[in-house]
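Here the structure comes first, spelled out in structure tokens, and everything after it is commentary.
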């Protein structure tokens, strides 16, 4: 009971600190919420056009739900209400994670979670991704007992921000209840699409997919580093610029159009390849407890590392698979948990307070970003090795068992 109380005290302290940073720290860490989400929400509330229904939108339809909910205390209090909502959602997931506090592994996962968001900084609460994280955490914690409920949670999160689809894919590969997971997710998706079409959004419901494919190379994406370094070195034609159409900073340089064209196919191939590794591990007899955390984390890392889009809030995507890994595997998951903490700290250096240094391609800040992005690949490599090792360990155990059984047979007289 004493440890659980301490966990809750730290949870509240960290969320209060992050909320304060969101509201008052330099770099506008809550800028997307107050300057982007709030106008969208006001448009809907006033009966004007609905993004994703009347016009194309960068987010799936259900992203409107938390954005509208943040208006409950009025337009002037939108930012504060958003932070309260994020804290409440995190608290629900945190309570489910620690339970009665008797599980040492779950307590460790809870400590890691609060430590991680403290290192990551205010971006932990200041984006639509922040809504999807607690939904994903609850989903992975109940997926073995209630796969359909978990699928509904993940599908709901996916219709706010696409990344939880990677966790659905991992669950479909790793769990024997895969068809129930597919069914529940499909039912919710059909319902969302039906409502969108009924409201007149036939041409816009899936626009979040085309909006993504039409983007350039964002400055934080690993593939963009070559151009960021060229800009830092003063190479002619290489520079960073702001795209007001999609509200992001992107890179320009020689052959950038080729890189843009290649990244989406490469992402699809890499995602499929990692998913196949999970299939091989499962078919080789690897237990779910070994496969699901590593496969979930690997697929999410592919979405981050092999992508032309990159943002600091993507680090929040790592929370659910690492929490699951610690809760299920304990010390076996120490390496990825520690690597993720390092990535969070490096990201906090880059964003939000000193982000202007990156926008000016200041070499020391570009070096920090380079180390962070290289860390993605290191962590992805660990996950791949773990998936291969899970299959190999099962096969080795089978060989040892066969040898022992053969040795136990009586010798012919």
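Backbone N, Cα and C define each Cβ position, glycine as well.
Caution: TrEMBL annotation is automatic and unverified by curators.
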Of the residue ranges 142-161, 162-181, 222-241, the one that TrEMBL records as transmembrane segment:
162-181
If I count Cβ-Cβ pairs under 8 A between the transmembrane segment (262-281) and each of 162-181, 288-306, 366-388, which range comes out on top?
288-306
Check for me, if you would, whether the transmembrane segment (366-388) reaches the transmembrane segment (6-28) - at least 3 Cβ pairs under 8 Å, residues 6 or more apart in sequence.
no
Cβ pairs under 8 Å only, please: of the recorded stretches 79-98, 162-181, 288-306, 335-354, which one is richest in them relative to the transmembrane segment (110-128)?
335-354
Tally Cβ pairs under 8 Å between the transmembrane segment (335-354) and each listed stretch (6-28, 187-209, 288-306), then give the stretch with the top tally.
6-28
